[in-house]
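Enquirer: Below you will find the structure I want to go over with you.
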């Protein structure tokens, strides 16, 4: 029985060999790298169900952060399933050929599945943070656009053989610098004005995100960019960063939101059994002549015009 269980080893690299469209990759993950990807996939999957389970304890109208956070780890679990299966990659000629046997060769496997993951999940991460800070939607959408620039330039740079890849790397770093600025300055101040509990939650999660995200360009530089470390080490490097940036971040964010009403952040969501007031609940018809309360703000708070 023990021999039978031991025989059930990871066979992904045999089923999906290191060849794509007739081109073989020289620098690839080994079984150890695949095993690590499976482990991260498992953590992402368990985290998804945990976040959804925590959401079930909230009213349906208060689950927005649970759904966004669960979506992040759900997408990541699929990406890590793909990479663990030795799929979602393409062989790219390296700019720097190394003598170290772990990174020796001409073609290195580049996991584009990782960038698809980031293209989908990093906007969700930023949405989590910026909605926590109560930032206006135009700012949220603009920061997401800058984030997409960062991810796409990273992918294009990884797929380029020549030194021009570092130009795309520079564009990506500039986009990252702007995102870190928004988190460290504008969003932090906005969250502080919403309330001390919101401010603490944002600082905790925003600081974690800013620090971890700054490490991604370093990983890119020694992996796809410089071909300095082996794909197995690349898997560990990116995997640890993703585990901190997604499930750990998600757990801290939801813990911080446990007593925060989303309505305080401008996220008042109507349930199916609630009445709709097109002009807001405080702008209902005031008399039979159709008079309305025109002294209410957009948030529904009444303002004395003579004050």
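Glycine is no exception: its Cβ is also placed from the backbone N, Cα and C atoms.
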Enquirer: Looking at 252-279, 280-307, which stretch does Swiss-Prot describe as region 'Disordered'?
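Expert: Matching range for region 'Disordered': 280-307.
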Enquirer: Select the range from 140-160, 166-186, 202-222 that forms the most Cβ-Cβ pairs under 8 Å with the transmembrane segment (235-255).
Expert: 202-222
Enquirer: Counting CB pairs under 8 Å, which listed stretch among 36-56, 64-84, 140-160, 202-222 touches the transmembrane segment (166-186) the most?
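Expert: Maximum Cβ contact count belongs to 140-160.
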Enquirer: Enumerate same-chain residues with a sequence separation of six or more from residue 28 (N-linked glycosylation site) and a Cβ-Cβ distance below 8 A; give 'none' if the list is empty.
Expert: 18, 86, 109, 231
Enquirer: By Cβ distance under 8 Å, which residues at least 6 away from the ends of the transmembrane segment (64-84) in the same chain are close to it?
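Expert: Hits for the transmembrane segment (64-84): 12, 29, 34-35, 37-38, 40-41, 44-45, 47-48, 51-52, 54-55, 58, 111, 113-114, 116-117, 120-121, 124-125, 127-128, 131-132, 235, 239, 242, 246-247, 250, 253-254, 257, 262, 267, 269.
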Enquirer: When DSSP states are folded down to helix, strand and coil, where does residue 28 (N-linked glycosylation site) land?
Expert: coil
